[in-house]
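As annotated by TrEMBL, transmembrane segment applies to 5-24, 36-55, 67-88, 157-180, 255-275, 284-304, 316-340, 352-378, 390-409.
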Amino acid sequence: MAVAIVYFVQGVLGLARLAVSFYLKDDLHLDPAETAVISGFSSLPWLIKPIYGFISDSIPLYGYRRRSYLILSGFLGTLSWSLMATVVNSKYGAGFSILLGSLSVAFSDVVVDSMVVERARGESQSTSGSLQSLCWGSSAFGGIVSAYFSGSLVDAYGVRFVFGITAFLPLMTSAVAVLVNEHRLTPGEHAMSVSGSGFIESSIQHIKQLWTSVKQPNIFLPTLFIFLWQATPHSESAMFFFITNKLGFTPGFLGRVKLVTSIASLLGVGIYNYFLKAVHLRKIFLVTTIIGSALGMTQVLLVTGLNRQFGVSDEWFSIGDSLIITVLGQAAFMPVLVLAAKLCPPGMEATLFATLMSISNAGSVTGGLVGAGLTKIFGVTRESFGNLPLLIIVCNLSSLLPLPLLGLLPDETGDSDNEETKHS
């Protein structure tokens, strides 16, 4: 129950995502490039996930390694969204508050992941698979619920109201921490776990072991490809400004689009599991990247208005475009999770998987920041969209740049070792 609720909270926190975008655009009057930078800045806590795991494992709070940190994460999340709902009035305050919220989710994610690992240890593959399904299903359900209400609440009550509601959601994480079945360490065990010399030696040994694993060519080279593949720029912030300022899409309509893409994400996972998991990794990356780049170009039709010449309204074109691109994007991302799991040697699974996913997240942040730079260079602002088609074309063509490096990946199918993965 605790695991399911924590993952549900992670999904339902998407309730504030649209509100944040409209707040940065309409209340703080930021440009697309500034919005992209704040978005990248707020993702920084996801780049150091292994540190949270190490802290949780090594430094118990009040005798608990999991329960205490879940409570702390919940309170931190509530603080961050309470600040957004009340006192934040600048881009720096907004960036800091969103960063705190991201830290709250990232830390609780690592803690609950460790609980799943501990619970699955020694269980049958069927039980382990059920746990993974519980995690994914709870998060997906939360995402779908939040998508349905995210836009309509902004339309009806405004962004501050949505931030206020969101502030109560992390408290669910703190509340369910009491359900965690965890042995409380005695004062002697607690002192031993954080004792000076032993703790330092353990830390150094842990870091050395992690570095030894990462620097092996069969791990380092595929990880390098994942980073570069994720680091290609995108134009999401610029497109958000265009569809809201130029096309007049309302929060309510964008909430419905978000609902469609949330369901489409599940569809993408299903397509991968049923049709692609036995296909060679290199082929999946090659085909999905090329098709994704081509489909991404269709946004040029929306920006130039060509879709209306074919009798397709902006709203219907946007829904269809988002649906197809999301399905393909999720199906393309699943091999990243499979590859990361396959690279982890025995004994280092949890830490190394968190490290690899942090590197993948670093690539995404890099891509967002490069996209922000290109948005600035092309002169795309909150009112000027003349060069937006060129920006879209450059970003989509750049996604093809990592393809010559496909040789860095192992030449095998994603399903060869029957690995089970979960979205980090």
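Using N, Cα and C of the backbone, Cβ positions are placed for all residues, glycine too.
Among the stretches 36-55, 67-88, 255-275, 390-409, the one making the largest number of Cβ pairs under 8 Å with the transmembrane segment (352-378) is 36-55.
For the transmembrane segment (36-55), same-chain residues at least 6 beyond its ends with a Cβ under 8 Å from one of its own Cβ atoms are 24, 30, 69, 91, 94-95, 98-99, 101-103, 105-107, 109-111, 113-114, 203, 206, 210, 236-237, 350-351, 354-355, 357-358, 361-362, 364-365, 368-369, 371-372, 375, 424. Counting Cβ pairs closer than 8 Å to the transmembrane segment (255-275), the top stretch among 67-88, 284-304, 316-340, 390-409 is 316-340.
Outside the transmembrane segment (284-304), and at least 6 residues removed from its termini, the chain residues within Cβ reach (under 8 Å) are 229, 235, 239, 242-243, 247, 276, 314, 317-318, 321, 324-325, 328-329, 331-332, 335, 385, 388-389, 392-393, 395-397, 399-400, 402-403, 406, 409, 414. If you look at the transmembrane segment (316-340), the same-chain residues 6 or more away from its ends with a CB under 8 A from one of its CBs are 222, 226, 229-230, 243, 249, 256-257, 260-261, 264-265, 267-269, 271-273, 276-277, 281, 284-285, 288-289, 291-292, 295-296, 298-299, 301-302, 307, 353, 356-357, 360, 409-410, 414-415, 419, 421-424.
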